[in-house]
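So that you can see what the record holds, here are the features copied from Swiss-Prot:
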- 5-98: domain 'Core-binding (CB)' (DOMAIN)
- 122-281: domain 'Tyr recombinase' (DOMAIN)
- Arg162: active site (ACT_SITE)
- Lys188: active site (ACT_SITE)
- His262: active site (ACT_SITE)
- Arg265: active site (ACT_SITE)
Amino acid sequence: MSEHLLLAPLLESYFRRRLTKQRNATPATMASYRDALRMLILFAATRLRKKPAALVLEELDRDLILAFLDELEEKRNNTIATRNARLAAIRSFFHHVAAADPASFGVAQRVLTIPIKRAHIEVTHHLTKAEVDALIEAPNPRTPRGRRDRTFLLFLARTGARVSEATGVNANDLQLERSHPQVLLRGKGRRDRVIPIPQDLARALTALLAEHGIANHEPRPIFVGARNERLTRFGATHIVRRAVAQAVTIRPTLAQKPISPHIFRHYLPHPTMSGTENASV
C-alpha cells in the first residue's frame, strides 16, 4: 500500500473522473455521495483528532467505517435505509481507490467487505379503486387549485409515476394529440421512459394547460404551486393529505393507511408503470 496516501487527491479524482465522466452521475447522486463522504471525513477527523486535510487513506479502515455507520444509527437516529445509502457512497469511493491506486487494493478490499444491513420488511399498503376514486374526486373542481389537485392525483393514479417524475413533467413532455397519448417521465439516475396515458387523464391535462395558457411545445411545468413555480415534493404531499382529509368521510378506510404520493405506485393494476425505455433522451 502506498505510504501516507492523502485523501484529498483521491476524493478530487473520484468526483471529477469516476462520478462525473465515467458514471455520468446525476446531480442528486453527486450531492448524496458528497454528503456521505463529508460526514465520514468529519467523523474520522474528530475520532483521530486530526484536521480533515491531514487524513490519510489507511486511517479510513474497516473498523472506523463500521463505527461511523453505528453512529449514524445510534446517535443520529438514521434509518437502516439511510445507513445503507451512506455505505453505498463509501463503497463507490473505495472501488475508485482500488482502481486508481492498486497498492491500496488491500485496504479498499477490506472496506468493500462491509455488508449492506438488512432492514425489517414493512407491510406495503395498497389503495382500492374506490379509495383512489374518492381521493381524485375530493378536490373542488370549481376552483383553480381544486382542478390542479384533481389532475395531479389523476396523474399519479394513472401513470404510477414517482412524485419527482410527476412534479418534473413539462408541457413538452406530453403528447396529447396522438391517438394514444403518452408522457415522458424523467426518472432517477437519468432513466427516462415513455408512459402511455388514458383518455381521461389526457383530457384533464389538456384542460389544465389551456387554463394556464401553456402551449404543448413549451418547456414549462404543468403542475405549479401558489407562486406559479414548479410544484415541490412538499406541495405534492400536501395535495395528497388534503385530499385524504376530504375523502375520509366517504371512505373511512383511508384513515387506516399511511398515504403519501408514493402509495399511488402500489395502486394495482398499473400496466403503464414500466413504460418504454428512452435511451436517446
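Keep in mind that glycine also has a Cβ here, set from the backbone N, Cα and C atoms.
Since we're looking at a predicted model, the values are computed, not measured.
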Among Arg162, His262, the active-site residues in question, whose Cβ has the most other Cβ atoms within 10 Å in this structure?
Arg162
Which whole-number value in Å describes the distance between the Cα atoms of Arg265 (active site) and Arg162 (active site)?
7
What does DSSP give as the helix, strand and coil breakdown of the domain 'Core-binding (CB)' (5-98)?
76 helix, 2 strand, 16 coil
Taking all protein chains shown into account, the Cβ-based neighbour count within 10 Å for Arg265 (active site) is 17
May I ask for the distance between His262 (active site) and Arg162 (active site), taken between their Cα atoms and rounded to an integer number of Å?
6
